[in-house]
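Below: the structure, in structure tokens.
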Amino acid sequence: MSKKTVVVGLSGGVDSSVAALLLKQQGWNVIGLFMKNWEDDDTEEYCSSRQDLIDVMSVADKIGIDVEVVNFAAEYRERVFAEFLSEYQAGRTPNPDILCNSEIKFKAFLDHAMQLGAEKIATGHYAGVREFDGKFQLLKAEDGTKDQSYFLYRLNQAQLSKTLFPLADIYKRDVRKIAEAEGLHVAAKKDSTGICFIGERPFKDFLSRYLPPKKGEIRRLDDGKVMGEHDGLMFHTMGQRKGLHIGGIKEKGHPGGGDHDAWFVAGKDMEKNVLYVVQGHDHPALLKGDLVAEQLSWVSGNEPHTHWVYTAKPRYRTSDQPCEVERVDAESCEIRFAEPQWALTPGQSVVLYESRVCLGGGVIR
């Protein structure tokens, strides 16, 4: 009986390397696929794709699998990067990794894998998938500190039905141990962080290449007093503290703030090009008990129940927050939290959970 084929997305990191290794050990015919999604900056010091490809080839040779290199740069620019720029231009703070997953890694990559005759695709994401009651569920990973289901909430039934997540039940520390035991040189390789196409370069420098910055006033939200000058609204996001250059100003008697309390971004007026700030982490303007989300995507294809207790992540690095869905239709949904949330950020995604099951979510308005 011939082996079933799985195409594994290899990034050059330890997670995808171990995912490929485990599938090989489980008896799959494994093909590695290295995706090249960005190509303008390959000569620059910040781009790591060359070294990543070298690492992929080394790992593939060690575990005995073939690797194909595929260029999805055109698809990436059209489906992910154009949206990224559009969102920043509109004053929001997008999360391109979410779009990259649904449009590139689990669409362009999936289509290519199927053309190669594969039954499944696999990645090194920390998440799980299971079939339950005739539907495929997206699950949180066993390692809660590394769980990446937040970034995968836009995956649909067709995508999940073809997907394997070999690291679903494995802790990161054990992934590194497996790599070390098998002699994979990427065992101690540092995790990649930040937005993939920006790499380690300064964000402001990168964005300025594509969107011309426009200076404007920084005003205090409470009374409109001018506090300074910003170098472009797109460089600032809700709750931001660093980079405002107004930290030394003493102001008394404003909600949430004392004499020396830090200043935080509390809003933007795109038409007037004004950045609004407040003093103090606990200023009421930074706390909100509800939100409206748009561009909804539900994993099962079914909307969540209204007035049912769920949990939600209004940003990636936050603990699950108890909430209810007040209203939901095809266009938007309203989510009310049990406790006010700090610095809810337009453009970021809010993702809904029922226990370990990721239900889906949308983009905060």
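The backbone N, Cα and C atoms fix where each Cβ goes, and this holds for glycine too.
Record features (Swiss-Prot):
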- G9, L10, S11, G12, G13, V14, D15, S16, M35, G124: ATP binding site (BINDING)
- C100-C196: disulfide bond (DISULFID)
- C100: active site, nucleophile (ACT_SITE)
- H125: site 'Interaction with tRNA' (SITE)
- C196: active site, cysteine persulfide intermediate (ACT_SITE)
- Q348: site 'Interaction with tRNA' (SITE)
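Annotated features, which come from Swiss-Prot, shown on the structure.
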residue: G9; record: ATP binding site; DSSP class: strand
residue: D15; record: ATP binding site; DSSP class: helix
residue: M35; record: ATP binding site; DSSP class: strand
residue: C100; record: disulfide bond; DSSP class: helix
residue: H125; record: site 'Interaction with tRNA'; DSSP class: coil
residue: C196; record: disulfide bond; DSSP class: coil
residue: Q348; record: site 'Interaction with tRNA'; DSSP class: coil
Query raised in the report: Which whole-number value in Å describes the distance between the Cα atoms of C100 (disulfide bond) and S11 (ATP binding site)?
Result: 14
Requested in this report: Select the closest residue to C196 (disulfide bond) from the following recorded positions, measuring between CA atoms: G9, D15, M35, H125, Q348.
Outcome: M35
Report summary line: Students should find that the Cα atoms of S11 (ATP binding site) and Q348 (site 'Interaction with tRNA') sit apart, in Å rounded to an integer, by 25
Report task. Rounded to the nearest Å, what's the C-alpha distance separating G9 (ATP binding site) and Q348 (site 'Interaction with tRNA')? Just drop the number here, would you? Result -> 26
**Report entry** Site extent for ATP (largest Cα pair distance over G9, L10, S11, G12, G13, V14, D15, S16, M35, G124, Å)
**Finding:** 16
Requested in this report: Restricting to the same chain and to sequence separations of six or more, state which residues have a Cβ under 8 Å from that of H125 (site 'Interaction with tRNA').
Outcome: D15, A141, Q148, F151, L152, F165, L167
Query raised in the report: Under 8 Å Cβ-Cβ from G13 (ATP binding site), six or more apart in the same chain: what's there?
Result: D52, D55, G124, V186, K189, D191, S192
Query - Cα-Cα distance linking Q348 (site 'Interaction with tRNA') and M35 (ATP binding site), given in Å to the nearest integer - result: 25
Report summary line: CB neighbours within 10 A of S11 (ATP binding site), counting all protein chains shown, number 22
Report task. Only counting partners 6 or more residues apart, tell me which same-chain residues put their Cβ under 8 Å from the Cβ of Q348 (site 'Interaction with tRNA'). Result -> T93, P94, N95, P314, R315, V363, I364
Query raised in the report: Including all protein chains displayed, how many Cβ atoms other than that of C100 (disulfide bond) lie within 10 Å of its Cβ?
Result: 25
